Each structure stands twice: as structure tokens, then as C-alpha cells.
Amino acid sequence: MMIDIPEDKLVAGVDEVGRGPLVGDVVTAAVILDPANPITGLADSKKLSEKKRLALFDEIKQKALAWAIGRASPEEIDELNILHATMLAMQRAVAGLSITPELVFIDGNRCPSLPMEARAVVKGDSLVAAISAASILAKVTRDAEMTELDSRHPEYGFARHKGYPTPEHLAILAERGPLPAYRKSFKPVRHALGIE
């Protein structure tokens, strides 16, 4: 069940992917959908098959009025903490839009500081079509980055666990130690570095 969107306002949806992983950027996306060019099948990216996500990824980029990716690096995550780095990445995604929205719906329970009206929507990736679209862009983008990292470091298994702290990943991290792309403020990485 999608929530009603004001028809007289230019609305963007924003979502993030990658708060939990031990490695890589936190990736966000902002999307302004075109009401005259609807996209069927939008849903929370985590509930879609990879094949469906990839098809929707291309369709969203073609049909949206505007879209942008924002990110915060592992260094920024370590410096700011993951919550503040996520807010920064969301600000960057909104600032990257080629059209300025009048209203921004953010997935979750808090909004970054933005120069326009913003509303937090819990479970927004299932309730607001533009947030669903943003979740798909962010997830496909981040998954592709993990696959690329996997091609450079296949022994770490990034294509399988996408950087999340699975038992397999934690065992590899303990054995091989962290790469530069790891988030050094995250406890399992600190442990692998011998900091705690």
C-alpha cells in the first residue's frame, strides 16, 4: 500500500544501502519519479530478485525526471560515525539531482538537514514509490561496487557477503586482516587490527 503523494509538489524519495557492512561506502540515492511515466513493480529492493532489481535499475534511470547517487567513504564513516555519514550521503544525493524537489521523503525515522521540506517515513521503501526506486538504485550501485572489489580481492568473498559481517566474512577478516576499504571504527575491524 503506497502512501498518498501531494500531486502539486515535485517530490523526491531518498534511501540508503550499506550502513551495516564492514567495508566500502555507504551509498544513497535520490529519485524524482515522473507521474506521467509510471514504473510498475517498484518495491523494497531487499524483497526483489537480483534480476528484477537490475531491470528496474535501468527503467528507473530512463523514466525518472531526475536521479542521483550520494555516498560517504569509509574514512568519513570512521570520522563522523555511520549515522552522520549516512545523513551526509543523503544530502549529497539530493544536492546531485538535476531538478530541485519541493518535498523529500526519506526512508527511516530521521531526516538529514535539507534546504527543502523533508519527511521521514518508516518502512518508506515499501510505502513511497520514489523511495522504493531510490532503494533499488542504491542497492544495485553498491552491489556492483562489492562485485568490483571482489574481482580485485577474490579471497575475501565480497561478491557473496557484500561486506556484511557474516560468519564467513568475519573468519576471512580474522585470517587475512582488513583492506584499506574497511571501516576501521567498526568493532570487528578494530578487533582484527588488534585495537580491541
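Backbone N, Cα and C define each Cβ position, glycine as well.
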Given that Swiss-Prot assigns Asp15, Glu16 to the divalent metal cation site, pick the one from Asp58, Asp78, Asp107 that the record assigns to that site as well. Asp107
What count of other C-beta atoms do you get within 10 angstroms of the C-beta of Asp107 (divalent metal cation binding site), across all chains shown? 25
Over the domain 'RNase H type-2' (9-196) the mean pLDDT stands at 96
